[in-house]
Amino acid sequence: MNSWDAGLAGLLVGTIGVSLLSNGLVLLCLLHSADIRRQAPALFTLNLTCGNLLCTVVNMPLTLAGVVAQRQPAGDRLCRLAAFLDTFLAANSMLSMAALSIDRWVAVVFPLSYRAKMRLRDAAFMVAYTWLHALTFPATALALSWLGFHQLYASCTLCSRRPDERLRFAVFTSAFHALSFLLSFIVLCFTYLKVLKVARFHCKRIDVITMQTLVLLVDIHPSVRERCLEEQKRRRQRATKKISTFIGTFLVCFAPYVITRLVELFSTAPIGSHWGVLSKCLAYSKAASDPFVYSLLRHQYRRSCKELLNRIFNRRSLHSVGLTGDSHSQNILPVSE
């Protein structure tokens, strides 16, 4: 194993560790907070988090073993199962992000009718469709024996070893990426650009009110005026930064792998194995970044984390106080005798 392989193995180990901790923390927040569970986005977050954890526990370790051993890390049946999960979880992750963007769009563009349009039942229906859509492709690949170990990515994933099936496999793979990656990307762009448009409209209204107030308040201190203008500037940039993060992480994590798969199918140019594994690692890194992008940085999840930490520390302090009380009573008893 050379330095490249060691670096890729280290990247995978780090991704596994961060993904387990962050997604596990999101699950704890969902279990702890009834307020979060009552909201429709909680179902999308739960679906995304469970998929990320399953990918972290099954697919990432097998890819790590493939990178270290430079060969298929498990038997054919286990590898086919892992390839089935890899295909399903990739599509499910992309479609779940599209569902979350639709929820944000409805919440921002139709705030008064949001509760009527996005109920828990509607969210459950969207999750069920996501599963059905995502299951279609691995089920078809399993029936056509297009699941196995792919040496270029050191992973159990979609692959075809028969040259006579190359065209059919290329069409199938293109359809899979078009109906998962491209479809989700189009939905993300449409919904978040609508959200950005509404956010900028509200910012303009607030800016007009702010400027009118500053004009009327002649005796206002210059430092207060500067703070108002700085807050106005931050308000303009806040929505743009968030939406850029949502779409940017999606592209950075998934686009290299999807493009590599398509270039592999439709080009005769050789692709380096290290780049293949790196593109797969980038796709895996989405599982580690999702909790921060969609959950843990939000106010409700931060509050739930604080409550969990307070509960843990309170239990420890009560336990230590109890132990101190027991030792104190043991020291007093012999004296009273």
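From the backbone N, Cα and C atoms, a Cβ is placed for every residue, glycine too.
Just so it is clear, the model here is predicted, and its values are computed rather than measured.
Residues annotated as topological domain 'Extracellular' in Swiss-Prot, with sequence analysis given as evidence: 1-10 (among others). Sequence-distant contacts of the topological domain 'Extracellular' (1-10) (same chain, at least 6 residues past either end, Cβ-Cβ under 8 Å): 64, 67-68, 70, 274, 277-278, 281.
Taken from Swiss-Prot, the feature transmembrane segment covers 11-31 (among others), and the record attributes it to sequence analysis.
When Cβ-Cβ distances below 8 Å are used as the criterion, the topological domain 'Cytoplasmic' (32-47) is approached by residues 26, 92, 96, 99-100, 103, 118-120, 122-124, 126-127, 130, 294-295, 300-301, 303-304, 307-308 of the same chain, each at least six residues removed from its ends. Annotation source Swiss-Prot lists topological domain 'Cytoplasmic' at 32-47 (among others).
As annotated by Swiss-Prot, transmembrane segment applies to 48-68 (among others), with the evidence given as sequence analysis. Note on the transmembrane segment (48-68): residues 1, 5, 8-9, 12-13, 15-16, 19-20, 23-24, 26-27, 30, 74, 79, 82, 85-86, 89, 92-93, 96-97, 100, 149, 153-156, 277, 280-281, 284, 286-288, 290-291, 294-295 of its chain, located 6 or more positions outside it, place their CB under 8 angstroms from a CB of the stretch.
Annotation source Swiss-Prot lists topological domain 'Extracellular' at 69-81 (among others). Across the residues of the topological domain 'Extracellular' (69-81), the predicted structure has a mean pLDDT of 89.
Residues annotated as disulfide bond in Swiss-Prot, with sequence analysis given as evidence: Cys79-Cys156. Taking all protein chains in view, 29 other C-beta atoms sit within 10 angstroms of the C-beta of Cys156 (disulfide bond). Under DSSP, Cys156 (disulfide bond) is assigned to a strand (E or B) in the three-state scheme.
Among the features that Swiss-Prot reports, transmembrane segment is placed at 82-102 (among others), with the record citing sequence analysis. When Cβ-Cβ distances below 8 Å are used as the criterion, the transmembrane segment (82-102) is approached by residues 41, 44-45, 47-48, 51-52, 54-55, 58-59, 62, 74, 123, 126-127, 130-131, 133-135, 137-138, 141-142, 147-149, 155-159, 176, 180-181, 183-184, 187-188, 191-192, 246, 250, 254, 283, 286-287, 290, 294 of the same chain, each at least six residues removed from its ends.
Counting residues 6+ beyond its ends, the topological domain 'Cytoplasmic' (103-123) has Cβ neighbours under 8 Å at 38, 40-41, 43-44, 191-192, 194-195, 198-199 in the same chain. Taken from Swiss-Prot, the feature topological domain 'Cytoplasmic' applies to 103-123 (among others), supported by sequence analysis.
Swiss-Prot lists 124-144 (among others) with the feature transmembrane segment.
For the topological domain 'Extracellular' (145-168), the residues of the chain that approach it from at least six positions outside its boundaries are 59, 62-63, 66-67, 70, 72-74, 76, 78-80, 82-84, 86-87, 138, 176, 261, 264-265, 271, 273, 276-277, 279-280, judged by C-beta separation under 8 angstroms. The topological domain 'Extracellular' feature in Swiss-Prot is assigned to 145-168 (among others).
Look at Swiss-Prot and you will find 169-189 (among others) tagged as transmembrane segment. Same-chain residues lying 6 or more positions outside the transmembrane segment (169-189) and placing a CB less than 8 Å from one of its CB atoms are 87, 90-91, 94-95, 97-98, 101-102, 133-134, 137, 140-141, 144, 146, 158, 160, 246-247, 250-251, 254-255, 258, 261-262, 265-266.
Taken from Swiss-Prot, the feature topological domain 'Cytoplasmic' covers 190-245 (among others).
Packing against the transmembrane segment (246-266) from elsewhere in the chain are residues 90, 94, 97, 101, 152, 158, 166, 169-170, 173-174, 177, 181, 184-185, 188-189, 192, 275-276, 278-280, 282-283, 285-286, 289, 293: each is 6 or more residues past its ends and has a CB under 8 Å from a CB in it. What Swiss-Prot records for 246-266 (among others) is transmembrane segment.
Per Swiss-Prot, topological domain 'Extracellular' is recorded for 267-276 (among others). Per DSSP, the secondary structure of the topological domain 'Extracellular' (267-276) breaks down as 4 helix, 0 strand, 6 coil.
Per Swiss-Prot, transmembrane segment is recorded for 277-297 (among others), and the stated evidence type is sequence analysis.
Marked as topological domain 'Cytoplasmic' by Swiss-Prot on the basis of sequence analysis: 298-337 (among others).
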- Note on the structure: Per DSSP, the topological domain 'Cytoplasmic' (103-123) contains 15 helix, 0 strand, 6 coil
- Sort out the residues at least 6 away from either end of the topological domain 'Extracellular' (267-276), same chain, that have Cβ-Cβ distances under 8 Å to it, and list them. 4-5, 8, 151-154, 260
- Where else in the chain does the topological domain 'Extracellular' (69-81) make close Cβ contacts, counting only residues six or more beyond its ends and a cut-off under 8 Å? 1, 5, 62-63, 142, 147-149, 154, 156
- By DSSP assignment, list the helix, strand and coil residue numbers for the topological domain 'Cytoplasmic' (32-47), in that order. 12 helix, 0 strand, 4 coil
- Across the topological domain 'Extracellular' (1-10), DSSP labelling yields 8 helix, 0 strand, 2 coil
